[in-house]
């Protein structure tokens, strides 16, 4: 057992730290599920890189944080060297993976646009087809919310291989002041449609998500270092007291 004021202080700090860590994981998981329910359709637009979407990242991070926090709490309460060592190793591995993922995301950040462009082009070809209701809904939602049309611009809808010489665009491409008109997308007047393509809006979302993830990752990384220090201090104190008992 950990004896002495200093030892108990470390034990309580370790438990408090992991309890907060576990509660943070619950919160992150809850946000991820909420985003998944409300924005899950957007993931169908870019199936090549679904892990970059905020809902999936929050769910994965939340589950990992909850598991690690639970192990840390148990290790601190039971003063179990095996659990404390497991907690330290898991934190260290996650810390290394975070650094690796951050480096890879920075190195290959320019490739995201190519993946997004290819996925959007393929998805556009399947818009409105049988069995593609989810993809069709995702396109309409994204174009409406992001005020974009097509991949590069609205003329992309006129050059789809499945419907050559198409002269209409989805109504979700119409600017708000023209949308009350029924079938506004069939007017063929590009002045009534959003000028920007959706690939630029998607790239902006990815850039924001990666930046946000990077900032959160730095904060979590500092907390992880603190957690590893607490775990090692408690582990060696328990081991030394067991040796000299």
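Here the Cβ of each residue, glycine as well, is placed from N, Cα and C on the backbone.
If you check TrEMBL, you get these features:
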DISULFID  148-184  disulfide bond
TRANSMEM  12-34  transmembrane segment
TRANSMEM  54-77  transmembrane segment
TRANSMEM  84-108  transmembrane segment
TRANSMEM  212-236  transmembrane segment
Stretch of maximal Cβ-Cβ contact with the transmembrane segment (54-77) [cut-off: under 8 Å; candidates 12-34, 84-108, 212-236]: 12-34
Most crowded position, judged by CB atoms within 10 A, among 148, 184 as disulfide-bonded residues: 148
